[in-house]
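Below you'll find the structure, written out as structure tokens, and then a few comments.
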Amino acid sequence: MASLSIKKSLLTSLLACVLFASVLGNATAQSVASIVTPQFFDGIKNNAPANCAGKSFYSRDAFLKALSSFPNFGKRGSADDNKREIAAFFAQVSHETGSFCYTEEIDKSNTYCQSSPEYPCAPGKSYHGRGPIQLTGNENYGKAGKALGLNLLNNPEIVSTDPVVSFKTALWYWMTAVRPVLGQGFGATTRAINGPVECNGKKPNLVQARANLYTNYCRQLNVSPGPNLVC
């Protein structure tokens, strides 16, 4: 009986250690919200001119509300990998919006309407760039709307009038088209967002500007940027 008692005691101690390690791991893991602090988010907006439409549109609160629809964002594996994804996302949206200055594309002369049986353009609607990643084209609006349960083909304007929807479309595009190549380095994310226009020596100054933002945010988050920063 004494032997059985000792075994039970050892088993209890072992289970207690496993439980403690699990609780400790959860306690020390950083959430996206704890990384994207108000200081980090507002630090981006502070680089935009005071009269920008985005200054009163984009907010950390809207980002966090949109994030609830994408629970895997910023959770790639190690703490460093998670920080690099967050830094990459905010570097790209900073570049696309001029540090959260613009809610939509400046030049609206192109409606970006292309023939698509599945995602046809609605009469009189424009699918120019809107939101943090400048969602562009009727197919992207249609696919994003389908994924988010929104009729973005008939109401594309909501991407630049509802900040939560705006961030949701950016996170949708990121998780769908950008995150799969993130392991190849930050340069691959630039290629996924605007490769045909900027990569392969076409606009090296813009490619480098994106990389500079990324390395700056990595520095703020105390993580190395990794290789392959340009495309």
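Heads up, the Cβ atoms here are built off N, Cα and C, so glycines get one too.
According to TrEMBL:
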SIGNAL    1-29  signal peptide
DISULFID  Cys52-Cys101  disulfide bond
DOMAIN    52-74  domain 'Glycoside hydrolase family 19 catalytic'
ACT_SITE  Glu96  active site, proton donor
DISULFID  Cys113-Cys121  disulfide bond
DOMAIN    165-175  domain 'Glycoside hydrolase family 19 catalytic'
DISULFID  Cys199-Cys231  disulfide bond
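It is 16 Å from the Cα atom of Cys231 (disulfide bond) to that of Glu96 (active site, proton donor). Nearest neighbour of Cys199 (disulfide bond) by Cα distance, taken over the recorded positions Cys52, Glu96, Cys101, Cys113: Glu96.
Its own atom aside, the Cβ of Cys231 (disulfide bond) has 24 Cβ atoms within 10 angstroms in the protein chains shown. For the domain 'Glycoside hydrolase family 19 catalytic' (52-74), the model's pLDDT averages out at 97. Across the fold, the C-alpha of Cys121 (disulfide bond) and the C-alpha of the residue listed as 'active site, proton donor' stand 24 Å from each other. The C-beta environment of Cys101 (disulfide bond), restricted to residues of the same chain at least 6 apart in sequence and closer than 8 Å, consists of Ala48, Pro49, Cys52, Ala53, Gly54, Lys55. Rounded to a whole number, the C-alpha distance linking Glu96 (active site, proton donor) with Cys113 (disulfide bond) is 21 angstrom. Using DSSP to sort the residues of the domain 'Glycoside hydrolase family 19 catalytic' (165-175) gives these counts of helix, strand and coil: 11 helix, 0 strand, 0 coil.
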